[in-house]
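Enquirer: Marked as region 'Amidoligase domain' by Swiss-Prot: 1-265. The UTP binding site annotation in Swiss-Prot covers Ser13, Lys186, Thr187, Lys188, Pro189, Thr190, Gln191, Lys222, and the record cites sequence analysis as its basis. Annotated ATP binding site per Swiss-Prot: Ser14, Leu15, Gly16, Lys17, Gly18, Ile19, Asp71, in sequence order. Taken from Swiss-Prot, the feature L-glutamine binding site applies to Tyr54, Gly351, Leu379, Gly380, Met381, Gln382, Glu402, Arg469, supported by sequence analysis. Here Swiss-Prot flags Cys378 as active site, nucleophile, drawing on sequence analysis. If you look up Swiss-Prot, you'll see His514, Glu516 marked as active site, on the strength of sequence analysis.
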Amino acid sequence: MSRFIFVTGGVVSSLGKGITSASLATLLEARGLNVTLIKMDPYINVDPGTMSPYQHGEVFVTEDGAETDLDLGHYERFIRTRLNRRNSFTTGRVYQHVLDKERRGEYLGATVQVIPHITDEIKLKIREGAGDADVAIVEIGGTAGDIESLPFLEAARQMRVELGSSQSLLVHLTLVPYIATAGEIKTKPTQHSVKELRSIGLQPDILVCRADDPIPQSAREKIALFTNVEARAVISSPDCKTIYQVPRGMHEQGLDAIVVEKFGLDLPEPDLGEWDRVVEAQLNPEHEVTVGMVGKYIELVDAYKSLNEALIHAGISNRAKVNILYLDAEDIERDGTGVLESLDAILVPGGFGDRGTEGKIAAIRYARENKVPYLGICLGMQLAVIEYARHVAGIEKAHSSELNPNTPDPVVGLITEWITEDGQKELRSADSDLGGTMRLGGQECVLEADSRAAECYGSTHIVERHRHRYEVNNNYLPQLEAAGLKIVGRSADGELVEVIEVGDHPWFVACQFHPEFTSTPRDGHGLFKGYVAAALAEQKAHKET
């Protein structure tokens, strides 16, 4: 039977519940437990798949094709377990399932209400998400006091009663602000946040207090006194140089020891050697490179969260600090490519819509013609094909039917059908719903043995995660390949282009999938490690000339 740890937040949002949950999971996993994590989001959207990155940040895709909150990316980067669609759900998903059951008559004519029907559905999904894990850490989105979060908090309260104190814990994350004019930190917001939880029947077992600097013992004791929490269970969580320091910091304060004790478990101390090596490599780089990321959501770096982390991981593997220069594609479209001249490498990430398209294509052309290492991801591959078609293959009006439905040469077009992993045929048209209708999740890819991609992966057969509706149009492949474009990766059935390379270039690789979703700080990812290594080589060659 699984044990459950509920994680809530108070005072303000964006305190780091996801990092806290992932760090605790890391510590428990290092003690030998099978740990999983669940994220519950209180918005009405069924999933974040159709939400703007400006609203929600990155959409993280799981191996089984679920479009989820970016916190699941944190979870997978911190623990060894791969998550699935049961590890993330929203208010919208819960209500959708309850209403479907009502339509089918499963409630036998009862009046369907928030309590018990919505809360029962939430509890069911929590237990399904836990599966056979020893411990399930359940992060409740939002902030204590939000109306939207109340059904989730009520479900957590009920589960705590059902499970008992030896099978469930509540960790509450709060803010302890420093008031410069007073010259002191203030504990009152934390006290009121806990008071809010207690008013609905939830008493925290552990408080994790976020602050700029370590919280003095006297302040922790004061918080403990007024929140009915043990002083040792008031954990100080100051800002760190890197998020990968958080597990070690929490272990040193005894967070995992408190959890293990309260659950009545006898477990060995965690071995955090891998994490110490990650932190040491990240904070003590021997080299430094600058990567230009040409995108359209650069005002919000969380829109590229997994990508940012994957570059950091590749830097760790190469003992290099990777500086990311975020470049607005529309600026390049308007002002030209001069801003690219100081870069060691260029990257065009995924995205949707035509805004900034020509700026991205200009950046890709600059990378190709000036032999600058280039990595294209999803749309970044499609635009690389369009750029090559226009300027090398002589298809001057080449475009994507997504970005220009009237193009006479759609070298990138809508995928109208494909075969899923379970052998089912998926059919799509331009009129299909936007939500949940893409080619999603892990898909097999076969690489050419002599390709750079195969060299990076160390294999010719890989599985990577996808999130797209459009693909390279196979009708144009003969013309593109005749002009020198190398198709080095295809889907398992050979029908879809997955990876391209440019032969007469030191490192020009673009892929239809999202390799950033499977990169981790302890292992990195072959494609990103190869990319950063190429950037270092480019930098060295540039200095020598």
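A Cβ is built for glycine as well, from the same backbone N, Cα and C atoms used for every other residue.
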Enquirer: Pick out which of the binding-site residues Lys17, Lys188, Arg469 has the most other Cβ atoms within 10 Å of its own Cβ.
Expert: Lys17
Enquirer: Nearest to Arg469 (L-glutamine binding site) by Cα distance: which of the binding-site residues Leu15, Asp71, Lys186, Gln191 is it?
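Expert: Checking each of Leu15, Asp71, Lys186, Gln191 against Arg469 (L-glutamine binding site), the shortest Cα distance is to Asp71.
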Enquirer: Where the distance is taken from Cα to Cα, which of the recorded positions Ile19, Met381, Glu516 turns out closest to Ser13 (UTP binding site)?
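Expert: Closest by Cα: Ile19.
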Enquirer: Sequence gap of 6 or more, Cβ distance under 8 Å: name the residues on the same chain that satisfy this around Leu15 (ATP binding site), in order along the sequence.
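Expert: Same-chain residues close to Leu15 (ATP binding site) (Cβ under 8 Å, separated by 6 or more) are Gly9, Leu173, Thr174, Leu175, Arg210.
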Enquirer: Which one, from the binding-site residues Gly16, Gly18, has the smallest tally of other C-beta atoms lying within 10 Å of its C-beta?
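Expert: Across Gly16, Gly18, these binding-site residues, the one with fewest Cβ atoms within 10 Å is Gly16.
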Enquirer: Could you tell me the mean pLDDT the prediction assigns to the region 'Amidoligase domain' (1-265)?
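Expert: Result for the region 'Amidoligase domain' (1-265): average pLDDT 96.
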Enquirer: Fewest other Cβ atoms within 10 Å: which of the recorded positions Asp71, Glu402, Glu516 wins that one? Let me know.
Expert: Glu402
Enquirer: Cα-Cα, whole number of Å: Gly18 (ATP binding site) versus Glu402 (L-glutamine binding site)?
Expert: 34
Enquirer: Work through the binding-site residues one by one (Lys17, Ile19, Met381, Gln382) and name whichever has its CA nearest to the CA of Pro189 (UTP binding site).
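Expert: For Pro189 (UTP binding site), the spatially nearest of the binding-site residues is Lys17.
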Enquirer: Provide, as an integer number of angstrom, the distance between the C-alpha atoms of Gly16 (ATP binding site) and Glu516 (active site).
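Expert: That comes out at 21 Å between the alpha carbons.
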Enquirer: Between the binding-site residues Pro189, Gly351, Gly380, where is the Cβ count within 10 Å the lowest?
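Expert: It is Pro189 that, of the binding-site residues Pro189, Gly351, Gly380, has the fewest other Cβ atoms within 10 Å.
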Enquirer: Note down the number of other Cβ atoms within 10 Å of the Cβ of Gln382 (L-glutamine binding site), including every protein chain shown.
Expert: 29
Enquirer: Which of the recorded positions Lys17, Ile19, Tyr54, Met381, Glu516 has its Cα closest in space to the Cα of Gln191 (UTP binding site)?
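Expert: Closest recorded candidate to Gln191 (UTP binding site) by Cα: Lys17.
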Enquirer: If the UTP binders are Ser13, Lys186, Thr187, Lys188, Pro189, Thr190, Gln191, Lys222 per the record, what's the largest distance between their Cα atoms, in Å?
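Expert: The widest Cα-Cα gap among those binding residues is 23 Å.
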Enquirer: Spatially, and counting Cα to Cα, which of the recorded positions is closest to Lys188 (UTP binding site)? Options: Asp71, Cys378, Leu379, Met381, Glu402.
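Expert: For Lys188 (UTP binding site), the closest Cα among Asp71, Cys378, Leu379, Met381, Glu402 is found at Asp71.
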Enquirer: Considering only the recorded positions Ser14, Ile19, Lys186, Thr187, Cys378, His514, which fall within 10 Å of Gly351 (L-glutamine binding site) when distances are taken between Cα atoms?
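Expert: Among Ser14, Ile19, Lys186, Thr187, Cys378, His514, the ones whose Cα sits within 10 Å of that of Gly351 (L-glutamine binding site) are Cys378.
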